[in-house]
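As structure tokens, the structure follows; a few thoughts come after it.
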Amino acid sequence: MKLIEAIIKPFKLDEVKDALNEIGIEGITVSEVKGFGRQKGHTELYRGAEYVVDFIPKVKIEIAVADELVAKVVETIENTAKTGRIGDGKIFILSLDEAVRIRTGEKGDEAI
Amino acid sequence: MIQRCIKLLVALMLLVTPLTVLAEENATSAAPATVSVQTPAPAAAPAPVAAPAAAAPEAAAKNVEPVLNTGDTAWMLVSSALVLFMIPGLAFFYGGMVRQKNVLSTIMHSFVAMGIVGVQWAVVGYSLAFSSDLGGLGFVGGLSKALLNGLISFKDGNPVYALFQNVPTAPGAIPEYVFAMYQCMFAMITVALISGALAERVKFSAYCVFVLLWTTLVYDPLAHWVWMADGWLFKKGALDFAGGTVVHLSSGISALAFITFLGKRHGFPQERMAPHSLPLTMLGVGMLWFGWFGFNAGSAIVGVNCSDAAGGLAGLAFATTTIAPAAAGLSWMVAEWIHAGKPSALGFGSGIVAGLVVITPAAGFVQPGAAIIMGLAAGVVCYLGVLMKAKLKYDDSLDAFGVHGIGGTFGALATGIFATVGATGLLSGNFQQFVTQVIAVVAAAAYAFIVTLAISFVLDKTIGLRVEKEDEIMGLDQTQHSESAYN
């Protein structure tokens, strides 16, 4: 099992969600996050003063998947979240030791 | 880029100048009934036009027995309420521009001025500004109208209300209570304007004492100088239709004086101190513009004909108060677009306020063509004024000096250039009027600056002007008022 964390541009969220649904992913967790990568921040103007805002709003998606689905999920996110411009985001793949469905007590792949 | 802007503006002014002169010539034939001084007579000619208190009621009684004009009275009551509405407008305008931790304290700076000045004005303020001169120097009024004394008397047990009549020969008048309250609103907002420079670091107790001292020692004498029949600047013929010198220049310059003792906010200018709620600020701009119609169109009572308080002159002032800020909002926006790359909402809103400031002294003295030029210039001049802060590194938190000080100065001078209605300015060949305006600006600015420096110095040495560093970082809402704006 793996936990896939993808940081993407907020406006791509719906597209990515629909694409993941199509390949059979049933559950995702989404959070609004802020950060910066090579894109760095942006500037805001107030009365002639320019402020550099370091952190840019992004969306983080977390998906727990069985090992055999990892490649497909990553590929799907990569394809749908891509604009080709700087700031498209990152995908991280983490090892997942265990998963438990609270309602039934199922564990491992069954719980995902 | 800035140079290109200035060149464009100068070219525009040169283009429109002949039109203005032409318009002025036409105005002689199609002059509104209110205009009595049309010839470009120098020096003394504009004098009777300029003052709101052109003749005290007692003087008026010598000529024509004043008759209450209910239409004028109704408009002046509405105007007074409109000017009061500017103060919550200012509170929102400033409140949105500070950081979240200081919004309530900033709003309080405007509101508490209503409280303190509301009482001060009734007790001594009105008398110091608008009663007969003390000592004959044209500097300040006496205490004959302290506690609004003499505005009401009783005959056979029935109340008799004193009437304020601007021009002795005009039949129309309004109750003096109405005039006193109308002027009270001006005093309230003027000191509140200064708070824009002090925001986010001033001690509330020191601010409250400052409001009382400043209004008494600076505002009241200045109002007497410029608007009272025996004030020395009034006698010189200085033009100030609705408070360019008395309200905006004095508050803006005083703001600069105050912050020399107050010092910069911790973290300024490196730390990001962006406005926490621009919608609040834009709401404030809208309220200010709305209230400003009372400020400027209400000031038609200062005109040549008191019975015209709700007449043609008020109409002209209403028109210029619509046109100039519209033009100034656009010119600030364009200047910022060219200079910084994007047109910000705060920039457009600030431009509107700058236009309102600049047209204030001129509202009833210029025609719409000149109002457009003054507005267009106002946006650029005040934008440059605000940029100056970043260059010179003084911390005028919300640009009270940049917008009101510089805008007020520019407006007062521009009035001496563009005046064509009821007075003539430089473009109509009246060089003397321009000189008078320069004298008024320099005198008012120097007086406001020096007295404010003295008040600030004394407060700094006694109460202390600013909060502790720890309190400033925590925010004034918590440390000064034990409240928070958003829970």
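Glycine too: its Cβ is placed from the backbone N, Cα and C atoms.
Automatic, uncurated: that is what TrEMBL annotation is.
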Transmembrane segment per TrEMBL - which of B:43-64, B:241-262: B:241-262
Candidate ranges B:74-95, B:310-333, B:345-363, B:369-388, B:434-459 - greatest C-beta contact count to the transmembrane segment (B:283-304) (under 8 angstroms): B:74-95
Stretch of maximal Cβ-Cβ contact with the transmembrane segment (B:177-199) [cut-off: under 8 Å; candidates B:241-262, B:345-363, B:434-459]: B:241-262
